[in-house]
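Here's what TrEMBL has on this protein:
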type	residues	note
ACT_SITE	HIS96	active site
ACT_SITE	GLU177	active site
ACT_SITE	HIS181	active site
SIGNAL	1-20	signal peptide
Amino acid sequence: MHPSIVSSVAFATVVRVALASAPVFSRGLYNESTANHTCQLYDPILSCSAGAQASLTDSCCTETFGGLVLATQFWDVYTGLESQGQVLPADSWTLHGLWPDFCNGSYTQYCDLTRQYDPKPSPNTTTGTPSGTPVIPYAGPDIGTFVEPFGRHDLLAYMNKYWVAQGQPNGDFWGHEFSKHATCYSTFDVECYGPQYVQHEEVVDFFATAVAYFRGLPTWDWLRAAGITPSNTTTYDLADIQSALAGAFGEVPYIGCSGKRFNATEAGAGSLDNGFTQLSEVWYYHHVNGRPQDYDSVPVAANATGGSLGNCALTAGAIHYYERAAGAEA
């Protein structure tokens, strides 16, 4: 992590703690007023463009901090909690998160420790290093309970079906995603909700926004249209997976794999290809017009800022897209 990122996290933490007892019209984490923000009075500004600067526009109406937005999805084959009714959705990938990277592709995390709802912070400091501010594990009620007072039972039901965790309750996973990532958007800062702010309003707003992006990125359908479906026997070329998703999305996403490295498999013995072989994740990169909440985005190639297109094996026929385990989906 760049030193500048570390220092910005430390500064943000100090600012937020200092503001905990500040008067109503103080400035927030991103130097925003608690006065009402009527974003309809502003022409939408594309994040990461020259005009998307906190000194030039309202950071509640334009994402000025985490302007490279990643809508991320998982392909898991089990949850580990099937006996408790926590299963994966049939014919669909699952929602991982909606992450705000800096425009250069780097990122920060746990930006507001007063909104820390992660029972098992990972990493456990704001910088991921021993010198970072400790992120204290959350011991309060499940973050899913924050949705109920708003009457958004349909949203909560959708999240329980499509935003599914592996090895932990769904609510713990949602708490992690909000605390680590959502607190690092300027547009989801509490001050953006004005003087009539209701506690946890921005949490529900973030969940609804993440769901909106997920619904617009039907990875299962896009792969199936290209003849790429889960199989325990058929393998696929990474190039074909990239082509199918890039053709539908508009730019090539990051494709993540897990499992064995190709050169550690029998088929890849002696190969120089050390990419992983089990398809497990996709990250779709965007710039956003105005607020992420407005769901008006422009696709961005995953390598546009010099980053990687993935960690999967490049060899033809090296990628497994495994079927879900018996009883793991419904």
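Counting begins at 1 with the first residue displayed.
Backbone N, Cα and C atoms are what each Cβ position is placed from, and that goes for glycine too.
Just so it is clear, the model here is predicted, and its values are computed rather than measured.
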Quick check for the class: what is the C-alpha distance, in angstrom and rounded, between GLU177 (active site) and HIS96 (active site)?
8
DSSP, reduced to three states, assigns HIS96 (active site) to strand
Where's the emptiest Cβ shell within 10 Å among the active-site residues HIS96, HIS181?
HIS96
For GLU177 (active site), the number of neighbouring Cβ atoms whose distance to its own Cβ is within 10 Å equals 24
Can you give me the Cα-Cα distance between HIS181 (active site) and HIS96 (active site) in Å, rounded to a whole number?
11
Secondary structure of GLU177 (active site) (DSSP, helix/strand/coil)
helix
